[in-house]
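Here is what Swiss-Prot says about this protein:
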CARBOHYD  Asn33  N-linked glycosylation site
CARBOHYD  Asn84  N-linked glycosylation site
CARBOHYD  Asn134  N-linked glycosylation site
MOD_RES   Ser241  phosphoserine
REGION    24-271  region 'Legume-lectin like'
SIGNAL    1-23  signal peptide
Amino acid sequence: MKIQILCFTTLFLAIFTSQVTTAYKFKFDYFGNGTDPISFHGDAEYGPDTDGKSRSGAIALTRDNIPFSHGRAIFTTPITFKPNASALYPFKTSFTFSITPKTNPNQGHGLAFIVVPSNQNDAGSGLGYLSLLNRTNNGNPNNHLFAVEFDVFQDKSLGDMNDNHVGIDINSVDSVVSVKSGYWVMTRSGWLFKDLKLSSGDRYKAWIEYNNNYKVVSVTIGLAHLKKPNRPLIEAKFDLSKVIHEVMYTGFAGSMGRGVERHEIWDWTFQN
């Protein structure tokens, strides 16, 4: 396991004012030596390899042998997202993930990148709630939840558009915006959309960015072995300063349904 963590403070001085900016940056090339600053909640664990004994180098958010399994993996260090109560630092993250069905038909449900107020999983339940929320607190503005979901099961009661979509969740698993999974490529005749089946078992790369000046969230996905597509899959305007506290935690959550499906994170970078 190779991890690079950098925390630094830069002081900008002006004639009449000064501003302190705290930035946090880390990188995991893989997981599993037992010293990663990652805490597991629910059924999350270091992923098992194909032999069932050694570790795969990934984080597994669900377990094959537990029906309706769900869990979270959280970076243990709290991160400063705001210099004060109103402003919000820009941030960006990228990670490689895979969703692999082990039974047929595919029973879902998916995984999500999360920014949450606490390093625990007491509010999350399985199935379509993706270990993010539950039936009681879903939609509560006091959740202070930001998530980007990669959903592979259509739960119409939660507003899912289909069984293969990417969505932005704010305090609710009813996404404020969702689109069919895929990526854009530029051709001689213009932009061409290519579908990506999230539950194919293939490894995909996701890039999530927040521009604090324009208050824009962008989400891009693509094949893990290719470079980042030039056009985002989602680009939507949201003021996250009203959602995210000054100090928050970040990580991943996932859940499966009646069937067995493996939800894994293979590498991860974060910077604000």
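Every residue, even glycine, has its Cβ placed from backbone N, Cα and C.
Cβ neighbour counts within 10 Å, taken over all protein chains shown, single out Asn134 as the most crowded of the glycosylation sites Asn33, Asn134. DSSP assigns the residue listed as 'phosphoserine' to a helix in the three-state reduction.
Mean pLDDT across the region 'Legume-lectin like' (24-271) comes to 92 in this model. Asn33 (N-linked glycosylation site) and Asn134 (N-linked glycosylation site) have their C-alpha atoms 32 Å apart, to the nearest angstrom.
For the recorded site, Asn84 (N-linked glycosylation site), the DSSP three-state label reads coil.
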